[in-house]
């Protein structure tokens, strides 16, 4: 029963379910409380949960039950290190290495503890390996003390010795090597002001005599030596020792073996799944990846299975796999690139399903984890498709006509804001219908929002260049903005597209209004003011810079009647009319 519970605990440990593993090992201990392996395994599970106090108790119990087992001491060392007991951890790991010099885990743990001890020592200011004695060589009166003492004054003449002595000022770590020279002891005696001689030849009595201390004789203590046996006597035969019992075989670390075996089997299944995937046998690939995940928890098995489900067309299963991979990846701190890959695949899956809102969201999440050109391009395409889809979903010729009729009604009622709102709705429902833009422009003119009215007329003309009403409304807005030359351009364009002349009268009236307004604005100008205004007008300067117009104007100077002939061309006539309105050409003078 205990072995079965232990096996279950090992399986849970390998799957990183440490809480479940603790429960199983605890149940096993209740069945077999003298099994040291169970305490070792539970100690490892507690340590993985960072419950180091409990891990230390189990590690200690394991070493009590089996004091010659290296693994138990290693468990205890790990737990004590976790509690902060660096001394106890060092002792435990050293015992583990002593019992099994090949225990790599114990060696690694011991090194980690030593590094922690060194770090604490550095934090406490214990960086000087000489224990602070190195500072004595930085004494500014060192040379004076050595010269005044008869024991060291002679050393100052030895340049090599003094070079070594000065070297200790910058490198106290070399003191251990320097101690091989007895002169350094004399130097230290003088600098520290204490006697550091360890036995003086003058304090020994005559050869064979005893040492003296302050003139008093100290008796030597002899060690007891065993008497030699006479050669004629033969030592009695020693009884043969009973053969020592064979040591019990070391218990196998079943949890490590189980985890290793599970990983190997899972990787085999993964390889089989990949082979099936390449053959487009997606069901077979999914089965292999599922078995791999059941054997050993690795996020790549889930992402591979999601890819197989995606290619198979089972998009719901693909999304579920990606979510599971992300949740597990967060738990085990998986590489952010793998998390990004799972998010990206979710985005692709939602896009396949036509859910562009979710596709955009998960592409953005993927880029938050890890930015790649592929996902960035997919995001941009999905965003454009989302906007287009939303716009197309809103299209409705019937709804557009209803909005137009409502706008016409509000316009007749002089409710300009409501009319603008209705025509805007018409534009959304039928964006290619130029009437919506032209009608809204008429409302904007009433609201004195002339630049927006001009923009709406341009939109209408983009969709229908022959839309005379849009030209006339544009001319009306430009006139109100005192852009008289542009107003005349709009009228000229309207005339060119008014093939049957139905709108000729309205066009002519608008043109005359613009010309009259220009003349009025220029009334009373001096010649200099006229020239300055002409030079500030880009339209006039563009006409004057046209080589054809320059030729016509030059010809008109000598033959005014020739200008009348050229004005039969509507385009030339419009330009001449602009020059006349601007005061460049003055008739009758």
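Each residue, glycine too, has its Cβ placed from N, Cα and C.
Curation plays no part in TrEMBL annotations; they are all automatic predictions.
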When you get a sec, could you say which of 458-496, 497-535 is annotated region 'Disordered' by TrEMBL?
497-535
The region 'Disordered' (497-535), counted residue by residue under DSSP: helix, strand, coil:
29 helix, 0 strand, 10 coil
Distal contacts, the repeat 'TPR' (400-433) - CB-CB under 8 A, six or more residues away:
391, 394, 439-440, 442-444, 446-447, 463
Would you mind giving the whole-number mean pLDDT across the repeat 'TPR' (400-433)?
95
Intrachain residues whose Cβ lies under 8 Å of the repeat 'TPR' (2-35), provided they are six or more past its termini:
41-42, 44-46, 48-49, 65, 254-255, 258-259, 262, 296-297, 332
In the same chain, which residue numbers or ranges, 6 or more beyond the ends of the repeat 'TPR' (340-373), come under 8 angstroms Cβ to Cβ?
299, 302-303, 306-307, 310, 315, 318-319, 322-323, 325-326, 329, 379, 382-383, 385-386, 389
